[in-house]
Amino acid sequence: MHVVRLSIHRLRRFHTVELHPSSTLNLLTGDNGAGKTSVLEALHLMAYGRSFRGRVRDGLIQQGANDLEVFVEWKEGNGAAGERTRRAGLRHRGQEWTGRLDGEDVAQLGALCAALAVVTFEPGSHVLISGGGEPRRRFLDWGLFHVEPDFLTMWRRYARALKQRNALLKQGAQPRMLDAWDHELAESGESLTSRRTRYLERLQERLVPVADAIAPALGLSALTFAPGWKRHEVSLADALLLARERDRQNGYTSQGPHRADWVPSFQALPGRDALSRGQAKLTALACLLAQAEDFAYERGEWPVIALDDLGSELDRHHQGRVLQRLASAPAQVLITATETPPGLADAGALLQQFHVEHGHITRQAAAH
């Protein structure tokens, strides 16, 4: 899939601006603070229902404005069914978020997230490796959400059961009142974990060659999954039963896929705790690119890839390796930088450049 029009209204420093990117490589340059990141942020907002830079109170809506709007038009599908155009709109005002997809109102923003797939690498992406388990669970679930149509229904089933069980635990409910929710949690949780396990195994097969291509010195060799309970010893139903009294005392569910995690392994490093910040960023980027490749294989088309502030996140050597990998893929890529990365110097006709300044985006003449 590739975006053909991105229209942004009253978001951060932009009042009204429109971007028509090419279907290959796109570079947005400009001084720090010019608004380059906000362009990718708008796209991310549509694809994830949240910003990668913090909450709305952090200045997402333009100062003095009451709302923001983002519109995206993109092409998708290139198989037997042919290519089709899709359109989505997102509006935020006060505490309300509303969305439209292909001319129809959506009941939940998840419909927009399911329609438009964007893989984003930004300055905070290192938390995928160096942070807590939540971003790593979210990473797994994003991949499954986009390649397995029934995954969201199953995920919601588990989340609902977990919420109900935790509410009963906080109330000090009698054990018999937990039985039904334990059954629901165990059944949906086992299924959720099986999907995550298979996905991570598949992802590992893609990740190792990707990491070797963009950062061979890392020696990234494997991904290890921790399901959230001792699954090799007991079923989730038994784990919940064994932990029931402790959970009643603590007021929350201590076992299950909501506690799952995964960790990368390296040939020459003791583990992720030994990674420098730069190594954590490279590992995170390798994971994101492997996920994009898996999406492309399963769906028959690439997601949009957004790389924010590439020059400050990676040194010239690794920039070159990443860009070489991306240039060989039929993916639409949007990159922001203060100046043209050396790795794009020879991109030629594949590269479309834009300049961002004073809340405006100017398309520059194509390179020859």
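Cβ coordinates are placed from backbone N, Cα and C, and glycine is handled just like the others.
Feature list (source: Swiss-Prot):
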type	residues	note
BINDING	Gly30, Asp31, Asn32, Gly33, Ala34, Gly35, Lys36, Thr37	ATP binding site
As a test of the contact definition, list every same-chain residue at least 6 positions from Asp31 (ATP binding site) whose Cβ is closer than 8 Å to its Cβ.
Thr338, Glu357
ATP site shell beyond Gly30, Asp31, Asn32, Gly33, Ala34, Gly35, Lys36, Thr37, criterion: Cβ within 8 Å of Cβ centroid:
Thr336, Thr338, Val356, Glu357
Select one residue from Gly33, Gly35: among these binding-site residues, choose the one with the most other Cβ atoms within 10 Å of its Cβ.
Gly35
Which three-state DSSP class does Asn32 (ATP binding site) fall into?
coil
If you count Cβ atoms within 10 Å of the Cβ of Ala34 (ATP binding site), leaving out that atom itself, what do you get?
21
Would you count the other CB atoms within 10 A of the CB of Gly30 (ATP binding site), including those on all shown protein chains?
22
Sparsest Cβ surroundings (other CB atoms within 10 Å) among the binding-site residues Asn32, Thr37:
Asn32
Number of Cβ atoms other than its own within 10 Å, given for Lys36 (ATP binding site):
26
According to DSSP, which of helix, strand or coil covers Thr37 (ATP binding site)?
helix
